[in-house]
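Listed in TrEMBL for this protein:
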- B:12-32: transmembrane segment (TRANSMEM)
- B:39-59: transmembrane segment (TRANSMEM)
- B:65-88: transmembrane segment (TRANSMEM)
- B:95-113: transmembrane segment (TRANSMEM)
- B:142-168: transmembrane segment (TRANSMEM)
- B:195-218: transmembrane segment (TRANSMEM)
- B:279-296: transmembrane segment (TRANSMEM)
């Protein structure tokens, strides 16, 4: 490698962090130069988050050191365990989940913590002038004077970036920044990042979307199992090589056997859910999900997926229109009724909706069916029977846990999801609702979920998959519909679609315009 | 019937309204500060008692009146520190901890009083805050007699409303407090300490609550009685929701409640004999519940209220 | 630097140790104000212990005092399990007591095997009905039940005073506001002749066992636990959240109502406005000290009762205020809350490396 003339701004050397027996970061070295855009690539659990948490002072490394350039460009050690020190040294981070106070305006969020708490007044004039300059330089236009709660996700992200720029960051970390954006919004972000890097900002771009990494970054560092397994220029790399580096093995192509759909199981006719004022609502949505068919719903989260999932799961009732399940009309919000109607439901948030953390694996397994005769007798729980069946389930689904009596909150996300899956697929449901079923799971657990959904489809269940992951949708779906601002497009044959079209539809274009 | 309306024209009634409202103003302001930062402080009832007792005792033992006020505020802050440490860094249930702080503050105050005065038949008295002697305002018709019955302590309460309002709306500290009650991560990410901000807010809020108690023993009355707080603290918690966590509305809510209480005291003497007095005494509590139920659906609770935050947990 | 690492499982011995430890820590903490007040600390504690359990008579007195505390402790335990913050046991106790004198002081005349169950049922129904109001406000309007139940305590007490001056007044009591006495047929018999200990204690212990079985072994108990731990997930799973909440309200309010019935029909024989020296609030401490376990409520209530009885006796002997007992109770609650961290987390000390 020929020497890079740009000055080094950040240098991590030998960073190691252990949590008990797990080594989350294993002697990681990483150098970043001014104006460089470096991708940090890795699966969930590869150690990206831990590494960034160490850099940002949330954790203290067991071994290793961080050096960061000071104003004069000299590298100086960064004290560990102090977010204040990281901020002061010029490290800024935009988290995947924004760290914004939604009751404050964008302006207030930006200046929060930048003045002494004991000073009086907010120094509005100078702050305004500086922000105006930053907006002009970066092109991040956004209304700064309304409460953040009223801004869209993309706008909130702009506030987040401005917040970092306002603190004169020299290193900006973007954690999965495009996950919440439409492909077109993501393009805008990419342009902004390029502009900022051209002015000398060093950018760390955390992602698992390979095409974005290849398009935006000049160098990519790949983490796997806590260790850095590659650090190379993106020039000359392709998606397959990066994916293999990230996973450590060639990714098996998932098989989706052909299937002939039967009669509609779930049918929506001009259905409206939720108040017209909400963003997450449905207006006049029509959709059929047939037996033996997997229909995918694409869209940026918050555009109506919640309303659709709530309707199918029985949490919400339709305001207008007709919903039928196997020909029976569904009129009321009735989660228990969905259970008895053989709808298997995998909620979006397994911690808040899917499981009850303090209860055991076995108890969570029978949560929906506790009133059934096999689980109770005269109002008393058949504890022995339940434990036996839970143990069988643990074997069948390969749930890694101490046993049926362990509190489910002690399980990893993937194992927790297996219990949710086992419960949802118990009794061979007619309809399966899978809402973001693989979010936050590693590749192994994701493959497992996919296999189970395909198996349900193969035995003739209708499967409704709501996901933000376009790759997942294209691999699994027979047909795909796109939801934007409450409007659901007709479901189209997946084979006839490409990512660009779906992306445009996610941004609100109709199928005709997008094609 | 006219008598019932006549009450509104009496300067005495309006003077009593202000007097009854003053401790509530302190209490609601205190609860509001704690809750804006994300901490429910059910220690309020006990902190009222401790403030009433400690402020009064300090004056009885020879401190000037404002010295007693300072002692009360300090006592309140101390119990606030206990509540803050248990609920913020340790993340214990704010409900149960608050009840515990109330029990502790009340029993410390009662035990302390009994240690100081083992066997007294009539409660010892102090010389309380004197009514204001206002040079010009005092001569005004109607307004004059109302203000002339108030003490500097009440004026101080109104000042506190202004100070809290300005701090919350216009200063970096207020910004940080409002942010920490909405999203502590936002505060942490900007390099501020969630723990310090929340404990600080709970201590300041508790100091204000204690002032509400001290007003009773140093201005409204001149002695400390067992059971004199009688649910005032709980009423403040309800009024805080009613006031949507805004200082201006808190003042309004406290004044409305004061007017209602003053009115029921007066209407009792008119309607007394026909309607049992307890019915009137229930009114303030019933109205508090009604107010809470009415606004509960629309109430814009601070998003992080009662949610413990642990650093680095996402 | 200290880290809290969540435990996968909590051994039972640890839970018990934390509760016992909290009681001891509370006594230690109480020694501080006691010493500051200039009282002889050891003498005072020795007198308290003797007063609470020094002889059969003292023990009987402690158990008598524990009876209402078991009921209110159970009321708090079942409610808090479901995250229904019922701080209104005091009011529900008075509602139960009022129902007892309404039904038991002459309105109904029947043999005791009819009247006693009727009175108990009436008291439980009164307490339950009182708690259903805030439960309804919570589920329908989203009004915080803590404030509502707290404020209702004051309303109920005023209502009881009103009743004592009116409908249930004892005309023979010469102006002193107390109710007419309950009939002999409505009275809970004494357990041992010559002592104040009555059948209410047996009822209370039976209630604790039944509640334990109900919560841990039955479908509805399961639903209550599920709703309490995560109401969102329970609703998603199709559990009847509203009904479970209402059931908790009925159980909790009913148990608190029984505390009132037991005090009136078992101990006092009539109702006054100072029937309860804060049994409702102390029940919260009892339940928390028992880690919300119904079986644990029994020993926990006996401990708290012992503190009160012992403090009274000590106060009579050496003149130290019996508010000392309230101090022990308050410190117990806070200590067990902090100690509870040990049952939920392993505390690990991590060496923080120098920068």
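Even glycines carry a Cβ here, placed using N, Cα and C.
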Winner by Cβ pairs under 8 Å against the transmembrane segment (B:95-113), considering only B:12-32, B:65-88, B:142-168, B:195-218, B:279-296: B:65-88
For the transmembrane segment (B:39-59): best-contacting stretch of B:12-32, B:142-168, B:195-218, B:279-296, by Cβ pairs under 8 Å: B:195-218
For the transmembrane segment (B:279-296), sequence-distant contacts whose Cβ falls under 8 Å of one of its Cβ atoms, 6 or more beyond its ends: 231, 234-235, 238-239, 241-242, 244, 253, 257, 260-261, 264-265, 267-268, 271
Cβ contacts under 8 Å made by the transmembrane segment (B:142-168) with residues that lie 6+ beyond its boundaries: 11-12, 14-15, 18-19, 22, 25-26, 29, 32-33, 36, 69, 128-134, 174, 177-178, 208, 211, 215, 218-219, 246-248, 250-251
